[in-house]
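Asks: I have a structure I would like to understand better, so I am pasting it below and will then ask my questions one at a time.
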Amino acid sequence: MNEIVISTLEQGLIFAIVAIGVYITYKILDFPDLSVDGTFPLGAAVCAFGLMRDINPFLCCFLAFLSGCIGGLFTGILNVKLKIDALMSGILVMTGLYSINLRVMGKSNVPFFGKELVFNEKVNKLIVIIVILAIVKILFDLFLKTKKGFLLIAVGDNDQMVTSLGVSKDNIKILGLVISNGFVSLGGAMTAQYQGYAEVSMGTGVVVMGLAAVIIGSTILGKVSFIKGTTLAIVGAVVYKVAMAVALQFRIEPQDLKLITAIIIIVALSCNGKLFSFKRKVRGGEKVATN
């Protein structure tokens, strides 16, 4: 039982990195980004490419992060430069990344047998995950306190105000998508190393699961003013993984988990109708005007 609890917690904390990425697009930018279904396995694919060539596993994670940033950059360019609809931009990038991921991996499934991984017997897995997650959370929270961070918040709250300040709202939106997909790819790389293999289809439904985590976190702690958005995403991700683990303990078939995810989202949304906007107002965006 203890092993199940620890394993569920580990998976939840790894997925929290992905949830933070989804939080950026859906809550801060109010941007329905479907490209995360492609950048998640992209991170795993880049990680697999590096591990097969005996590159340091931590460096592989960083390279995965950069690859996700590039994916987010393309989504942003399609949307703000080519004026393609947000949903369609994400779909196009997600579709294109499927072929790219196959090219990078060389085949649909790459096992990591005998390769040095971030998770090994020398260091406790949970400690490694907590440290990496803490770095991601702290760095992003600090970023939100910078001028660029305030502008990112302001674009989601009131993009006209950003324009009136003489700042390109398009560039700020692209920056948000770059950071978001970078985190998602990092989560994909860590997930691949945790499970010991990378698979081209492992990104299916990630955007829905990430959204479920964000909504759950917002439903549980959204009314607590001093709780940061990243904390909501982390709590939501852990609770979501716990809910999935409990469902499996009740002998629910794995193929039914997606249905359960949909039900969880419906229940969470119905508990708080304000969440239908997919955006949580974050105080601080107005401070840009005085900086």
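Positions of Cβ are set from backbone N, Cα and C atoms, glycine also.
Quick caveat, the model's predicted, so the values are computed rather than measured.
Annotations per TrEMBL:
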TRANSMEM  12-29  transmembrane segment
TRANSMEM  55-74  transmembrane segment
TRANSMEM  86-106  transmembrane segment
TRANSMEM  126-144  transmembrane segment
TRANSMEM  174-194  transmembrane segment
TRANSMEM  200-220  transmembrane segment
TRANSMEM  232-252  transmembrane segment
TRANSMEM  258-277  transmembrane segment
Asks: Report the listed stretch (55-74, 86-106, 126-144, 174-194, 232-252) having the maximum count of Cβ pairs within less than 8 Å of the transmembrane segment (12-29).
Replies: 174-194
Asks: For the transmembrane segment (86-106), could you work out the same-chain residues 6 or more beyond its ends whose Cβ comes under 8 Å from its Cβ atoms?
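Replies: Sequence-remote neighbours of the transmembrane segment (86-106) are 31-39, 41-42, 44-46, 48-49, 71, 74-76, 78-79, 198, 200, 203.
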